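S.K.: Look at TrEMBL and you will find 2-116 tagged as domain 'Response regulatory'. The 4-aspartylphosphate feature in TrEMBL is assigned to D51. Under the heading domain 'OmpR/PhoB-type', TrEMBL lists 124-222. Residues annotated as DNA-binding region in TrEMBL: 124-222.
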Amino acid sequence: MRILIAEDKRALAGHLGRALEGEGHSVTLAYDGDEALRLGRTNAFDLLLLDVMLPRRDGFSVIRSMREDRLLTQTIIASARDSMQDIVCGLDAGADDYVTKPFALDVLLAKVRAAERRLPTQAPQEVTFHDLTLRPHRFELERGSRVATLTRTECALLETLMRRARTVVPHEVLLDEGWGDDGEANHDNLYFFIRALRAKITQPGEEELLHTIRGVGYSLRSA
């Protein structure tokens, strides 16, 4: 699995990372809540393992923000905050499990294996149009011999455009798919992301596929 560990105690984070890598997982470390949220929003992780008492943004806030962004990454809290109220708060925030410190490493690894068993067994589907291949689970766009890495928002926008290829997708639909009810959903942000997405879709010498329909929306189509 691809695992994000959010733990401000670097020695403990490194110890957990090595143990999980020894189990065959790919591990990324974050040392504060803001970094954890940024990484969670821009990368595809299968599991988030985080402390509650993180600098800048606490673990509960990280989980709530990810759930508000409709990010369904499985989450295990590992924290010294062991009161019943804290455990209930963590689970209500959206965590799937809660482990109190100090914990036995073997118990944590068993919980990680249980989370892995809960992952969908069916491989995520690729989305294709013309010579584009989108792998939403990896945030990857392939065109010809090159591969571009997308942000989570870029990926959501492009998947919507590809699934509705050859039609005009209105601004409002793209705003909903890219941001949902987030307060950052506005036409200026949409324009910014479309411009960045267009640069990743089309390189010099390639056919332009993403077209602007002024005053209405955008369309993905080939001549």
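From the backbone N, Cα and C atoms, a Cβ is placed for every residue, glycine too.
Note: TrEMBL annotation is automatic and uncurated.
The model shown is predicted, which means the values in this text are computed figures rather than measured ones.
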S.K.: Identify, in sequence order, the residues in the chain of the residue listed as '4-aspartylphosphate' that are 6 or more apart from it along the sequence and have a CB within less than 8 Å of its CB; answer 'none' if there are none.
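M.R.: Result: A6, E7, D8, K9, G59, I77, A78, S79.
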S.K.: Mean pLDDT over the domain 'OmpR/PhoB-type' (124-222): what is the value?
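M.R.: Its mean pLDDT is 89.
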S.K.: Go ahead and report the DSSP secondary structure tallies for the domain 'OmpR/PhoB-type' (124-222): helix first, then strand, then coil.
M.R.: 36 helix, 26 strand, 37 coil
S.K.: Per DSSP, what is the helix/strand/coil residue tally across the domain 'Response regulatory' (2-116)?
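M.R.: DSSP classes over the domain 'Response regulatory' (2-116) add up to 55 helix, 24 strand, 36 coil.
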